[in-house]
Amino acid sequence: MSFTTLYSAIQGDASARALVAPSLNAELSFSELRIAIMDLQRQIASLGIKVGDPVNIAIPNGLEFVVAFYAVSWQRAICGPLNSNYKQSEFEFYIDDLKSKLVIVPEGSVAANTPAVRAAKKLSVAVAELAWCPKSRLVRIVHFEGAKINAPQPLGLPQPDDVMLVLHTSGTTGRPKVVPLTHKNLCRSIHNITTSYRLDPRDTSYVVMPLFHVHGLLCGLLSTLASGGCAVVPPKFSAHSFWKEFIQYGATWYTAVPTIHQILLRTPPPKPLPRIRFIRSCSSPLAPPVLSKLEATFRAPVLEAYAMTEASHQMTTNPLPPLVHKPHSVGKPFGVELKILDQKGNEMPQGKEGEICVRGINVTKGYLNNPAANKSSFTKDRFFRTGDEGKLDKDGYVFITGRIKELVNRGGEKISPAEIDAVLMQHPDVSEAVCFAVPDEKYGQDIQAAINPVAGKTVTPKQLHDYLEQKVAAFKIPKKFYFTDRIPKTATGKVQRRLVCDAFFNHSKAKL
């Protein structure tokens with residue numbers, strides 16, 4: 001790895017195309033991108049932002065976000081990207097929790113009194129509006145509101161151990177944990193990603209994942225620019241414009257959650273198909289039938305990966321051809337040490353299930369202000385406990401079998417919801433299936449399922465029950481099925497079982 005801070009992590013030739021913003025009809029070379037970042041860094045420094053100052057970016061995907069993210073990092077400040085669609089109360093929580101000095105928003109936000117602006121004002125935090133200026137080819141602070149942050153500061157030069165990025169884990173229960181990631185963490189993750197997929201200046205990524213999350217940020221954007229390739233960054237994913245822009249800008253790959261893959265499978269593909277070097281899937285399990293259909297439809301290898309915020313995104317991935325990529329598996333560890341441990345910290349033999357634990361330069365040193373979580377989440381020799389249950393096969397491929405905290409304890413019998421999800425999704429009339437634990441008077445807990453049928457198909461609880469009877473033990477069959485055309489997901493497309501439980505079981509219970 002030739003770089004240890006994001007200051008040096010834009011590696012393309014000066015005249016090569018670095019960034020495309022379709023909504024602005026703008027393309028920047030690497031030279032122009034560096035100039036724009038440095039110019040915005042000067043503007044941020046003039047506002048008084050100094051080393052260690054937290055800055056929130058509440059801007060949708062696009063050129064302004066990219067330039068702002070790098071500018072904040074170059075100034076040695078701490079970046080806290082936020083979903084621009086949050087409600088005011090959500091903005092208040094994250095801005096206050098980070099103790100932000102500045103909230104960066106799109107042009108027009110103050111006049112529109114957007115939720116981010118209202119939250120910042122309530123907390124007496126300064127607001128800066130950004131806009132792309134085509135004539136100067138720079139991103140400018142076009143409006144500033146709030147108290148003076150500090151005296152103008154000199155330009156910073158980031159150091160490897162500077163905390164650069166702070167993200168909150170969505171978690172399955174309780175208050176979100178705060179994950180600090182350093183320049184060194186991020187750069188090691190970038191190195192792992194670029195090496196595992198052999199990214200180079202000939203590649204162009206089409207970024208469909210939000211940049212306020214590590215999936216889109218680390219893999220889609222930062223790794224592309226660090227390899228000298230080009231990133232195409234639309235404001236959000238749109239099935240209508242995906243193929244048009246993918247072809248127009250010469251994209252060679254994309255990374256997404258299974259939800260987006262399935263939407264693209266339902267969208268008529270272009271004729272002829274563009275050459276796609278590979279498709280990456282991450283952040284949620286990809287059903288093997290969907291993987292097979294993706295490969296057959298788009299004539300490209302589909303590589304499933306495994307990632308977490310605490311590891312600056314990627315921990316394992318299936319390899320590119322001609323090496324084997326295995327359905328059901330999230331591949332091999334790449335750039336990290338990985339062990340399967342029991343509850344006492346003993347390493348499990350090959351093929352036996354236990355907790356997936358990882359260690360590496362990309363892994364955070366610990367959560368902020370949370371000694372209890374740090375004690376329970378790291379082993380004595382600093383392996384991070386992912387909370388995921390899994391096993392290794394004889395070839396060293398990782399298979400995730402469930403989430404430890406999500407295991408259903410039905411009268412002493414442990415059920416993995418992920419296992420039943422996978423079986424249900426093999427049914428020809430099931431598009432999505434999410435199983436979850438519910439309280440039960442007799443067994444303590446039982447399992448129920450939310451089902452999204454294939455469009456135009458109808459499936460009954462009895463049909464699903466009969467189907468599962470042939471596949472799994474009787475105690476694993478969900479007690480009840482809920483049918484819907486929309487499974488609740490987080491803003492990044494992840495399924496959280498507690499959200500599904502709230503939407504179906506708790507909602508139906510409240511009606512009683």
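Using N, Cα and C of the backbone, Cβ positions are placed for all residues, glycine too.
Among the features that Swiss-Prot reports, ATP binding site is placed at His168, Thr169, Ser170, Gly171, Thr172, Thr173, Gly174, Arg175, Pro176, Lys177, Val178, Val179. According to Swiss-Prot, the phosphoserine annotation covers Ser283, Ser284. If you look up Swiss-Prot, you'll see 381-429 marked as motif 'FACS', on the strength of similarity to another entry.
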Taking only the residues in the motif 'FACS' (381-429), give me the average pLDDT of this model. 89
Candidate with the highest Cβ count within 10 Å, taken from the recorded positions His168, Pro176, Val178, Ser283, Ser284: Ser283
Roughly how many Å separate the Cα of Pro176 (ATP binding site) from that of Ser283 (phosphoserine), to the nearest whole number? 18
According to DSSP, does Val178 (ATP binding site) fall in a helix, a strand, or coil? strand
According to DSSP, folded down to helix, strand and coil, what is Ser284 (phosphoserine)? coil
Roughly how many Å separate the Cα of Ser284 (phosphoserine) from that of His168 (ATP binding site), to the nearest whole number? 18
Based on DSSP, tally up the residues of the motif 'FACS' (381-429) by helix, strand and coil. 11 helix, 21 strand, 17 coil
What whole-number Å value do you get for the CA-CA distance of His168 (ATP binding site) and Ser283 (phosphoserine)? 15
